[in-house]
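If you look up TrEMBL, you'll see 31-97 marked as domain 'CFEM'. Feature annotation from TrEMBL assigns signal peptide to 1-21. Annotation comment: TrEMBL describes 109-128, 140-161, 181-207, 219-240, 266-288, 300-320, 340-363 as transmembrane segment.
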Amino acid sequence: MRAIFGLAVALMAAVVPLASALKLDPASDVVLRELPVCAAACLDIVIPRSTCATNSTPACLCANMDLQNDMTRCVMGKCSIREGLVTKNMTVHTLCGMPIHNQGPTYDTVSIVLGVISCSIVVLRLGFKISVTRSLAADDYVVLVLILIGIPSIAITHYGTTTNGVGRDIWTLTPQMIDTFLFYFFVVVLIYFSQVVLIKLALLLFYLRIFPSRGVRRLLWGTFGLNVLYGVIFLILAVFQCKPISHYWQGWDGEHDGTCLDKRSIAWAHAAISIALDVWMLAIPLFQINTLNLHWKKKIGVGFMFVVGTFVTIVSIIRLQALVTFAKSSNATSDNFPVSLWSTVEINVGIICTCMPTLRLLLVRVFPALGSGSSYATGKAYNYNTGGQMPSSRMHASQRRGMGNFATTSNHVSAEASSSVETVPAKERGIIRHQTFAVQYDDDETSLVQMRAMGRAGGSQISDDLP
């Protein structure tokens, strides 16, 4: 892991020396006497050539950038990474008074809070589906898998990456902590790659349930296959990017044999393709809104629901920028904080977005005022003309059928029908039947989004029960 080797050694730029000829305060003297031999040798070479040669105080040494750059080059050639980190840790805080950075608790809090929120929303989604429709759709099972993966991820984040270095200066960590951090970071990357794909698949399966157009469905299935291919390829790359695999978390010190692919290129490619797929998947439903059998105000509501999904794309773009910044970092574990933070936000917001349609139904059920117009009465006259006089027995049977109630269960649509039968004069040889329907939808979001084609096929208008 040569990249990490270079980063770690570069951290030693602020090393402050103590040669025997220097007169420093007792505390500084104690620290500098414990420096690795290679670092002390570099100091004896670098200080006499600097402007601090006649003023070898911590104030001068810590502020002299030319001296720090010369020291970095010397240490890179004479010291190991482990020795460099020890030197940095011994000098930068005690002699130069630099504060210790630790953003780990912040990341831990964000991870736990967002994890609890997204898990709770998924539980509400699944509970609502089971209690109302008595069944789960394919996208529900995908979201369930997301949560089953996400819960261990929270634990790994807390006990693995946060405890061992996220948001902390790398020189404050022991070699064992760095090994452990990189191992758990490797696991978290695999989980993240899996979750990104599963979120997209859940959304695509939802689209497949609400858009019946053959052309759109072909487009969605093609996108589905592309997402699966994207996920499989990057998972394989993530697992086998180093040879041996353990070199991912052991090769940082330059003391282990092994090779790795360019991790930055893999991360950038994964993020860029993910953003492109997000934009494509957002465009599909937005272009289909015009085909929905809804009032224009309802279409605006549906559009807004889909546009909220752009927040996930925005977060992905911010994360990509954090990856670019991280690639230039000389403090790997500390500067990993924004990458880890935005990755966590991206996944949890994505899970919440997949639950928005069902969440809206749940809110309408709890607060009916939010769903005004979800049920309405429509009147429609059906004329049944016969070529001859209807026998009285058939007429009575028809009356009984007309006075009955009916329910369609394929979409869990409950309806109450009342009818009256009026016999016209005999010379007209027919009857006129009037019916009034009160339709109330109890199904999931599939019942909310109906296409014009379905309305035409059924010969009647479907309630535009949407936000």
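Please read every residue number as a count from 1 along the shown chain.
Note: Cβ is positioned from N, Cα and C throughout, glycine not excepted.
Note that TrEMBL annotation is computational and uncurated.
What you see is a predicted model, and the numbers here were worked out from it, not measured in a lab.
The transmembrane segment (181-207) shares the most Cβ pairs under 8 Å with 340-363, out of the stretches 109-128, 266-288, 340-363. If you look at the transmembrane segment (109-128) against the transmembrane segment (266-288), you find fewer than three C-beta pairs under 8 angstroms, all six or more positions apart, and that falls short of contact. Note on the transmembrane segment (219-240): residues 189-190, 193-194, 196-197, 200-201, 204-205, 207-208, 211, 261, 266, 269-270, 273-274, 277, 280-281, 284 of its chain, located 6 or more positions outside it, place their CB under 8 angstroms from a CB of the stretch. When the domain 'CFEM' (31-97) is classified with DSSP, helix, strand and coil residues number 47 helix, 0 strand, 20 coil.
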